[in-house]
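K.L.:
Copying in the features that Swiss-Prot gives for the protein in this structure:
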type	residues	note
BINDING	Cys77, Cys82, Cys88, Ser317	[4Fe-4S] cluster 1 binding site
BINDING	Cys103, Cys107, Cys110	[4Fe-4S] cluster 2 binding site
DOMAIN	89-306	domain 'Radical SAM core'
Amino acid sequence: MTTATGTKPKKMEAFKMERGVKYRDAAKTSVIQVRNIDPDQELLPKPSWMKIKLPAASAKIDSIKHGMRRHGLHSVCEEASCPNLHECFNHGTATFMIMGAICTRRCPFCDVAHGKPLPLDLEEPRKVAETVQDMKLKYVVITSVDRDDLADRGAAHFAATVREIKALNPECKVEILVPDFRGRVEQAVEILKQNPPDVFNHNLENVPRLYREVRPGADYKWSLELLKIFKQEFPNIPTKSGLMVGLGETNEEILEVMQDLRDHGVTMLTIGQYLQPSRHHLKVERYVPPEEFDMFRSEAERMGFEHAACGPFVRSSYHADLQAKGELVK
């Protein structure tokens, strides 16, 4: 599998993607017409609270990477350039990204590669289950790229992965972080009913006013409907969603989205700072100070969320096992 990071093609109509090629940076975002991303833009300097010292390489980090490579698997930690990778790998945890490492969407905030994906690896659910067993995990998060090329948008592959993990690791808790199953929401939930997870997660990402820029191809109401339908089918399974801040939204808009989530039955929330993966992605409009994250958490508690992890480096799967236990994560 190769990676393309080149500059914008001069004639977009003549540009044809090759199947299996991972398009990143300018090769990915230059065709998004919503907002002009200027690679020469002046970037905001990072404030003190956004500067962290990465831990040294460790045997655990190498072990997890080796385990992933050995089974031909992917972690969203690496593919999305997560800032918490070293911390999570050092703690022996990782979030598996199934259905390949090529996404059919090209969201300009995300560092996951875009392109024409390869066919599904039907052995992947078993490989994930075996890796979970090898790593002796008690809590695992499974996410995926968007697969708009599949009739069920990948729902059956999620269900198969949950089934295989549970069969081989009956004590392991499984959280799934799913895409929006565009146009197939009810069908997808019906498929997931066969092998329900312990936590159901779908990220809204940001506020509806900015959706066209931040999540081209997605729809705010569709995402809320997905969360609502799943909760109606499984009222006892926690539903969860995550937001990024610093993309130009206001705090008032974030609070409105939080209330929308509660109105649709969501009980768990994550809010973290957006970080620009490269100069070819949406720029950071603002670094939100820690005290504002504390405010979001307080408001979430007031609204009735059972758990809210809010902090600059919080991500959906960051210490997801602790989130599920209701412990403070920030």
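Each residue, glycine too, has its Cβ placed from N, Cα and C.
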K.L.:
Residues near the [4Fe-4S] cluster 2 site, Cys103, Cys107, Cys110 excluded, by Cβ within 8 Å of the Cβ center?
P.N.:
Arg105, Arg106, Pro108, Phe109, Asp111, Val112, His114, Val145, Asp146
K.L.:
May I ask which residues of the same chain, at least 6 positions away in sequence, place their Cβ under 8 angstroms from the Cβ of Cys107 ([4Fe-4S] cluster 2 binding site)?
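P.N.:
For Cys107 ([4Fe-4S] cluster 2 binding site), the qualifying residues are Val214, Arg215, Pro216, Gly217, Ala218.
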K.L.:
What are the non-local neighbours of Cys103 ([4Fe-4S] cluster 2 binding site), defined as same-chain residues 6+ apart in sequence with CB under 8 A from its CB?
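P.N.:
Counting only residues 6 or more apart in sequence, the Cβ neighbours of Cys103 ([4Fe-4S] cluster 2 binding site) under 8 Å are Cys110, Val112, Ala113, His114, Gly115, Pro117, Val145, Asp146.
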